[in-house]
Every structure is written in structure tokens, then in C-alpha cells.
Amino acid sequence: GEKAQAVHRPPRTPTVEVCMSRILPAEWRRVDDPVSGSCYYWNTKTQATSWTVPADASSIEPSCSTAPPSLPPPTLPPPATPPVNMSGVRVHLNANKGAAPSDGQGSPESLMPHRLRAVPFLARNMALISSGMQVVLGIVILLRSEYRDGVDENVPAQTIGDVDLVIVVDSPNGASMCAFCLLSGGLLFGLEAYTFMRKTPLVMPWLWPARALGYFAFALPGFITAHALMPPLLGSVFYLITSLVCALSCFSKKPSGKEWSWHWVSDSKEKKKTEELGGKYEGFAGFLLGAPRKFFVESFEKNLLPRFVFLSLFTLLNLVLFIEAMVRHANSEKGKALRGEAFLLCGTAPCTSGDDPNGIPIPANPLLQDVGTGFWFPIAKGFGQLLNLNCTVMLFPVVRSLIKWLHDITSTNPAWYVAWIPYVIPLDKNIVFHKACAKYFILASVIGHAAAHYLNYSNAPYYHAALGPDTYDPNATYMAWAPKAPGADPLSPGFTGQLLLITMLIIYSGAHE
């Protein structure tokens, strides 16, 4: 047979994996070259770099001294900062392809789009929330004639004083801004949904500067009319923040069509894929029709009954606390004062208790009773009670030590007084409950609380005339947004409430999965 002839091959440069298997002295670090796939060595004390393995390294493997052809041997520019952490774990540098790393962190210009890759999704969520809130504000204006048409009320003498009184508050843009809020909110929500609910999502780069300019333009009317009409100002603030985030998205790594796709309803492609795999696809209509049967089946077959019981009890608790807070604040001295009923005055504000011995009795006010003010105040307080409850409760499911302790005391021979916990509280679904508190209970409470206060602020001219300037300002925008409006201690509740709404916008936009 033919003799096998040895084939001469040039020495192969050891790969990064080979170099990583060596044990180096403490002051040495390995750095991989993205061009050649090889590694070089860096001394953190002397800042020396070399393709050669340090002499005191523990290794009997082939040397790394052969320099990669893409770089001149034997030295490289010393890194300014360690490219690996102090535990020796290699850090992905994301350096530009075709160039050796010039520092330990990579070029800020090349890394910035990657670091901002989540910003487009934040912008999209902000846009959806802002446009939805704009629709809610339009409904608020629609419900209150004081916002739509202004106030022009003649108050005869002896009603709240000895002389005739005329209450006039102009709202020249009320009707047009009501239509603007409803139409712009619905239009922008639909356009945003159109970009990701399509079969082929829209991810063109020019959409981001267009979004930034569009939301900025839609924010202007609310700022222009804010002196006379309060509700659209919040929507304009939301739109302005959304515009800034969209502008920042112009510098980020743009999402692909697959990443941008977010189907809220079923599509034919998903149905076909499910049926090809042998499953039965269930659309939204089928889900609704089969929900009762599915509830009873899963309650026993999948042992989901404890979860349903717990959520039912928690919902009932929310309802009870809402009614309790609403009734309590409706019967408070402030609640009576806003409805025009007789109340006790302590200083310049209604007393906190009806039994206050220092309270001065104030007679009923026919003006407020005729107008029908004070209806929305206790409703806002009821939703505020739910916010207090749920914002506190949502923290407990993410306290790992508490969940672990409950698991421990209920898993093995539990005492009779804790044996019921696993059957009522689904400890294995603590994160699900944490998200449910935010998605359903807190979100609904925020919308209800804010909307009720906004509806109540429409009565500001009547409150000012009946209760005096120390209790209420006639301008609803000032009452809702001024830090030192009447009732400030040290900041007005309206101003802090607006800050919380803006905070909620950022939290909910960034927390979406």
C-alpha cells in the first residue's frame, strides 16, 4: 500500500478556550482578541501586555506565544481598566468587529445603541398609556359642564352673603379640547397598535423621529389652554415625556420585526401552528364560552381552587375597604363642607373630627347644595384607600425570607393554626400575585382616584365662593398643580398627586414584560 506521508501544517494559534484553561498568577488577566480569536495577557500592576504566557503560570499546555496574524507581535496597548472582573470571569466586551479592544469597556459610541436597546419598548408603552389617559381626560371634560362650557352662576343675596354674587369662569376651549383629547388619544393609540399588531410589524427607523415630533405637537394644545382648562395638562405632560423618550430611541438599537410584534388577539399564523402540532386552538370567543367549565375543571384537576378562593377573598377585602373609606370621608367634616351641609370649622379648614371642642359650627350652604358638589370627593378617597392597601400588600410576595418562612412552617407537620395557609394563600404563585396587584388592583385604583379628583376639581369656583380663599382657589389648574395651593402641608395634595401619576407612567411603562 501507499505510505502515508506526513502533512506539514503551520502551528495553530491557541484559541481563547485553550488560554482560559491556564491558571494565572493573581495580577495577570486574560484578554481575548475579537479579530483572531486568540488571547493575550495583561498585568494589572505593571500594565504590561504580552502574547506569551506568564512564566509562573501553572500550565503544561501549548504556549500562546504565537502572535495572531492580524496584530503585530509582541505587544498590545495596555488596557485602561480590567476587561474581566476581579473573580477572573471573562466579560463580553462587545468591541467593534475588526479591531482589537483599545480599553476595557469598549467604545462608548459603539456600546450606546446597545445600552439603549430597551428604550423603544419603553417609548411604545408610554405612548399607549399616555394616549389611553388622554381619552380618560376627554371623558372627564365631557362629564363636567364646568370644564366644557365654564361657569356663569348668579348667586342671590343671603345665600352665602349679604349681597348678590356672580360666579364667572370662562372656558372658551372646553368643547374643542374635549374633542381633541378623545380623538387624539384614540388616534395615537390606534397608530401605535397598528405598528406591532400587523402581520408584518412596522420597524422603520424614520418612525422614531416622527413619533418624537408627533407627540411633541400633540402636547402643545394642553399647555396652551392650561390656564383656563385643567384636565388636558396632564395628558400634555405625558405626551411630552413620551416625545423625549421617542427622541432618545433614535440613538438606540432598533427592534426587529419579531421583537416589535405584540399580538393582543389571535391570528391565523398562530392558529395554523397550533393545529399543525396537534393542538386545538382557542380564540377569544371560545375562551369566553368555555370559561365557566374551565374554571370548575381546573379548580379540582389542577388544584387551582386555593388561588381562586384567595383572589375572591382579596377582591372582597378591596370592596369592603372601598365602601368603608367612602362612607367615612362622606360623613367627615370636610365631606359635609364640600356638599354644603353644616360642619365644624377649625381655623381655616374643616375639623378632622366632628367631636372637636374647638370647632366653630358653620351653617349649611344653599349654593353648594343646589349645584350638587362634593359627590366625587368620597369616591376619590375610597380609591385612595385601595391604593394604600395594594401598594403595601404587593411588597409582601417579593419578600423572599417571608415566603421561605411560610413554606417552612407549613410544609412538614404544620401546627393547626398555620395548616390552612397553603389552602388559602398560593405561596408558589407569589410573583404572579405581585404582578396581579399592580396590573389590576393598583392600576384600576390609580385611574379611579385620579379621575374622581379631576371631576371634583371642576367645582373649584363654587368651593372658593362658598368656603373662602383659604380653603379653595377658584382656578382648578392652580388647585391641582400648584405646590402651594390651599391645603398645602407642606405641599398641596394636588401637586403631589400629579407627581405620583408621572411616576406611575414611568413605572408601568418600564415594568411591561
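Note: Cβ is positioned from N, Cα and C throughout, glycine not excepted.
Pulled from TrEMBL:
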type     : residues : note
DOMAIN   : 22-56    : domain 'WW'
TRANSMEM : 121-143  : transmembrane segment
TRANSMEM : 174-194  : transmembrane segment
TRANSMEM : 206-227  : transmembrane segment
TRANSMEM : 233-251  : transmembrane segment
TRANSMEM : 304-323  : transmembrane segment
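Tertiary neighbourhood of the transmembrane segment (304-323): same-chain residues 295, 298, 382-383, 385-386, 389-390, 422-426, 429, 433, 436, 441, selected by CB-CB distance under 8 Å and a gap of 6+ residues from either end. Residues 124, 127-128, 130-135, 137-139, 141-142, 147-150, 202, 214-215, 218, 221-222, 225, 229, 231-232, 235, 264 of the same chain lie 6 or more positions beyond the ends of the transmembrane segment (174-194) yet place their CB under 8 Å from a CB of it.
In the predicted structure, the domain 'WW' (22-56) carries a mean pLDDT of 74.
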